[in-house]
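Under the heading domain 'ABC transmembrane type-1', TrEMBL lists A:191-386. TrEMBL lists A:25-44, A:64-82, A:94-114, A:126-145, A:154-171, A:191-217, A:229-256, A:276-300, A:321-347, A:367-389 with the feature transmembrane segment.
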Amino acid sequence: MPLRPALLAASQPAAAPSPPREATAVGLLAALAALAPFLLGWLSLAPNRLLSPRPAELPMGPELGLAMGGFLLACLLVLLLARRAALLPWAEAAAALALCALLATAGLGARAALEAASPMARAMPAAGVWVAMLLLALAAGSCAAGRGGTPGRFLALAVLGVGGLLATGLLDGLSVVHEAAARGPELRSAFSGHLALAGGALALALMVSVPLSLLALRRPRLEAALMGLANGFQVVPSLALFGLLMGPLAALAALWPALRDWGVGGIGPAPAILGIAAYLLLPLASSLLAGLRVASPALLDAARGQGMTEAGILRRLRLPLGWGVMLGGLRVAAVQAVGLATLAALIGGGGLGRLVFQGIGQMAADLILLGVLPVVLLSLLVDGLLAILQSGLEVAR
Amino acid sequence: MIRFEGVTRRYGDRAVVDRVTLDVPDGSICVLLGESGSGKSTLMRMVNRLVEPSAGRVLVNGRDVTATDPETLRRGIGYVIQSVGLFPHWRVAENVATVPRLLGWEAARIATRVDELLALVGLEPGRFRDRFPHELSGGQAQRVGLARALAADPPLLLMDEPFSALDPGTRRGLQAELRTIHAETGKTILFVTHDVEEALALADTVAVLEEGRLAARGRPAELLERGTGAPVRRLFGEESLAFHRLATLPASTIARPEDAAGDLPILPAEASLKQALMLMLSEGSDRLAVPPTGEFPGGTLYWADLVRPA
């Protein structure tokens, strides 16, 4: 019988590939995530929305047991899948699954606990659930780092899963969801206000930094002035900057009342947008200048020597070679804009910050969360979209 | 033809190029030779207006270069630099097509021209057309650089130390090919280098620059005649001057017109005396047979004649 070495070799059991570097970290994080709710509590109950919550027993039932089992199984899956480098993306997906099961458990628990309590009572996830969520996110991050990427898969699946849970009403028992339902229109207007603040500030900062960076490219003194200004803004605390802008803007509005119709005044969105835009100058201008300089002097010499115009050099060399760097700066600036827009509420600028500061004023944790969660989500979304765009452009090169 | 008329370039108080007057005849290779900082690159860059003269003027075919706008002027002059400067995000074919595209040629004409040029510089079009610059070796990249400079068939080529960054073998190969391409295309080439051997290998005329001034100029053989000036002696090295001189003289000049013995090593008549010396050393022979070519009737080259003070 003829020997078929290739086939024989294939049937040999392959040497077990060594687990990836991240296996230990991911495993540990997943195990801790599975333990956390049992050690730190699943659920808290408060008599009403303003009183402090107390730890509560999880009222066990068949549905709840199923969800909890799913959570533990998913954590185990994360731990096992992370042992193989090729399976790391699946470990990341399993982490998203664990997160959804965890929330479902908390949601079901809250629903059952509220049935036995007064109508004013509020149920919320206890520390253990929050810690477990954090640990799962970290585990997913480690998995993503193992394949040299960002945990986009985890985020997308988690958002989809949580969206699904919300849609089916499984999480209605949780106080944040309750609060959101009660404040639907307010939440929506705060969200669109937040988008307008962040988007407006980003647009304004781009309108200033793009032409200035192009001009500064060949004028060292302008560059020094621009970077000095951009750096200077970073030193001023944001609230102080908003405060500093109040005076001049109020004076302007008093001088030309027509400006008031445009929303310019000492308080309100105008100083907020101006202030946020000032902070965005540094990431934008520095990355624009760095991006425009990716094309090396030798390359520019060759281009000029062949008769390319300065406009042609910008369009065909500086921009295509610098996209990655410039988008990186835009990413930082956009995320920063979303975060800073939260502070606009302090000077009457609106946005999701209003919910946060109202919540702080009323000591209502749910209201704070209602403001904070969309901000976090928005930041992740903006960052993720720009990251996809960035990697897409780098592949296209 | 390029003519520099009393060209000076000052940066602040320092004259980097100082009153240089020089003619480069049509179809010749003129090498600007000098140490770094001698102003040779600056002088060359005034031809395509990458540097503007502070005084004097540069004429190309009798026209002052400042009469043409810089971009149009540069599209009509090939330009090759040491760092090559291929655009990293463009394929080889797109890089070669830079100037034709700027001139608005049709796609089909560009494609034909690119293949023609890649073949001319010794790169198989099918294999190299679609590569990116990072997939090329240094020598291949500079071949593409040369093809790019020749793309729109400019009558004039400016080459700024194009082979300096290459290893010696690749450099010699490209020098020989540049001579071949020059013989085929008849371009006028202004070539900047600090490498004396490269200058002697390529030049029809050499212009030696020292501290911005034209210190000497002439055919390589004239330049290295006995009693040449201090700048040339310094640049070529006092002790190796005689050796370099051998490189400028053809073997046929001192071969004795007699029938050579049959067993002597054979030296081609167009070889230089330096090559003759190398052959004698490697063959351990004090005589070489030089076969007849063209008007040269053939003869024997003697060691004694080679080392006799001329």
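Even glycines carry a Cβ here, placed using N, Cα and C.
Remember, predicted model here, so these are calculated numbers, not experimental data.
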Distant-in-sequence neighbours of the transmembrane segment (A:25-44), which means Cβ under 8 A and at least six residues beyond its ends: 53-58, 71-72, 75-76, 78-79, 82-83, 91, 95, 98, 102, 105-106, 109-110, 113, 123-129, 131-132, 135-136, 138-139, 142-143, 146
Any contact, the transmembrane segment (A:191-217) to the transmembrane segment (A:276-300), with at least 3 Cβ pairs under 8 A: yes
Highest-contact recorded stretch vs the transmembrane segment (A:229-256), from A:64-82, A:276-300, A:321-347, A:367-389, CB pairs under 8 Å: A:276-300
Residues from the same chain, set at least six apart from the ends of the transmembrane segment (A:321-347), whose C-beta lies under 8 A from its own: 194, 197-199, 201-202, 205, 238-239, 242-243, 246, 267-269, 271-273, 275-276, 279-280, 283-284, 286-288, 290-295, 353-354, 356-357, 371, 375, 378-379, 382-383, 386-387, 389-390, 393-394
Sequence-remote partners of the transmembrane segment (A:154-171) [C-beta within less than 8 Å, at least six residues beyond its ends]: 92-93, 95-97, 99-100, 103-104, 106-108, 110-111, 137, 140-141, 143-144, 177, 377, 380, 384
Intrachain residues whose Cβ lies under 8 Å of the transmembrane segment (A:126-145), provided they are six or more past its termini: 22, 25-26, 29-30, 32-34, 36-44, 53, 55-56, 75, 78, 82, 88-89, 91-92, 95-96, 98-99, 102-103, 106, 151-154
Residues from the same chain, set at least six apart from the ends of the transmembrane segment (A:64-82), whose C-beta lies under 8 A from its own: 19-20, 22-23, 26-27, 30-31, 33-34, 58, 88, 90-91, 94-95, 97-98, 101-102, 104-105, 108-109, 112, 136, 139, 142-143, 146
